[in-house]
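Taken straight from Swiss-Prot:
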type	residues	note
TRANSMEM	17-37	transmembrane segment
TRANSMEM	106-126	transmembrane segment
TRANSMEM	132-152	transmembrane segment
TRANSMEM	165-185	transmembrane segment
TRANSMEM	202-222	transmembrane segment
TRANSMEM	260-280	transmembrane segment
BINDING	H266, H323	heme binding site
TRANSMEM	295-315	transmembrane segment
TRANSMEM	317-337	transmembrane segment
Amino acid sequence: MSILARPAAPSPRPNALANWLLLVAVLVFAIVVVGGITRLTESGLSITEWKPVRGIVPPLNQAEWLAEFENYKRIPQYAAFNLHMTLEGFKAIYFWEYMHRLLARGIGAVLAGVMIVAWWKRAIPAGYGWRMIGIFALGGLQGAIGWWMVYSGLSVRTEVSHIRLATHLIAALLIFSALVWTVLDLRRLARDPDARPARPTALAIAAVLILAVQIMLGAFVAGLRAGYAFATWPKMGDEWFPAGGWNVAQGLANLHENPIVVQFVHRWWAWAAAIAALAVARAARKRGAVGPVHAVATLIVVQIALGIATLLTGVDIAVAVAHQAVAVLLLAALLWAGHGLDKPKVS
């Protein structure tokens with residue numbers, strides 16, 4: 001039979017499909033990391049147009065670079081902060097935004113390719129086709145959210161909306177989570193052809209939501225530059241909460257608009273996220289899991305240390321990027337631990 005021939009009957013290959021989707025998940029992890037670098041280097045507004053196809057090709061000569069630079073000069077961010085910027089400086093920030101968009105296109109192409117080949121080879125197990133279509137649709141929506149975020153910084157603001165930034169990050173992690181959970185389901189199916197997809201327990205759902213809130217708060221911290229408000233730990237300056245830090249006029253909007261309050265909540269909500277993740281790890285251990293338990297525990301320690309280091313270094317870019325990267329790895333470990341909670345306990 002030709003390698004291009006379509007099988008006459010379904011030929012599910014859950015392990016092979018899991019490997020390919022794991023690759024896509026790794027690419028999503030990479031784009032989240034690059035997105036963090038893009039934000040921290042103030043590169044996100046360097047490309048002021050949305051060209052899904054033509055935008056694949058970067059400027060190739062001096063005239064094209066100058067045209068792109070002129071586009072950037074028209075937005076408020078340039079006038080407010082970058083009047084001194086040279087063309088070489090512009091190329092540096094353009095690089096990260098371009099790589100971020102190129103990775104996004106690459107992820108879409110790889111996922112589409114995997115879906116098409118798996119469909120043609122009839123290798124998608126029953127019940128997984130619509131799930132993969134849903135993940136691909138989320139990817140398309142994420143592209144629109146990305147442009148919606150960038151657009152917020154092109155006319156009046158000198159930076160993107162931190163609310164839209166958080167939406168963009170959470171959408172990326174929703175895609176990442178769907179991929180990781182699907183990979184785990186497919187691995188289970190490969191071990192046992194009669195296995196059903198795992199059902200997330202209330203504990204696992206609660207822990208993931210608590211961690212998602214903490215990651216969202218981290219996006220608020222980045223978007224509001226709240227990490228620069230206080231570079232001390234555990235106190236904020238000389239106080240646990242600075243006098244006058246809560247703006248009475250803002251009311252509950254302090255929780256997402258006030259840099260001091262956002263940093264404070266992000267500091268202490270971290271402990272709720274850690275406790276919830278450890279509760280899942282403990283439950284997983286009772287069901288015989290070892291790898292995910294160690295992964296969750298180790299990553300919690302590393303993540304807390306990186307969070308403190310991010311503050312104490314005055315938001316050093318390398319440390320802050322590592323902090324964001326480990327947040328995604330912790331989410332993956334939490335999903336791994338939570339995936340097996342529908343199994344009976346080991347006596």
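Here the Cβ of each residue, glycine as well, is placed from N, Cα and C on the backbone.
Source: prediction; values computed, not measured.
Long-range neighbours of the transmembrane segment (165-185) within the same chain, counting only residues 6 or more positions beyond its ends whose Cβ lies under 8 Å from a Cβ of the stretch, are 18, 21-22, 24-25, 28-29, 31-32, 35, 39, 128, 131-132, 134-135, 138-139, 141-142, 145-146, 149, 197-198, 200, 208, 212, 215-216, 219-220, 222-223, 328, 331-332, 335-336, 339. Summary for the binding-site residues H266, H323: the Cβ-based neighbour count within 10 Å is maximal at H323. Recorded stretches compared: 202-222, 260-280, 295-315, 317-337; the one with the most Cβ pairs under 8 Å to the transmembrane segment (17-37) is 317-337. Here the transmembrane segment (317-337) has long-range neighbours at 25, 29, 32-33, 36-37, 40-41, 173, 176-177, 180-181, 184, 204, 207-208, 211-212, 214-215, 218, 222, 227, 277, 280-281, 283-284, 289, 291-293, 295-296, 299-300, 302-303, 306-307, 309-310, meaning same-chain residues at least 6 beyond its ends whose C-beta is under 8 angstroms from one of its own. Mapped onto three states, the DSSP output places H266 (heme binding site) in helix.
Taking Cβ pairs closer than 8 Å, the transmembrane segment (260-280) reaches residues 203-204, 206-207, 210-211, 213-214, 217-218, 220-221, 224, 226-227, 229-230, 233-234, 236, 241-242, 245-246, 254, 296-297, 300, 303-304, 307, 330, 333-334, 337-338, 341 in its own chain, all 6 or more past its ends.
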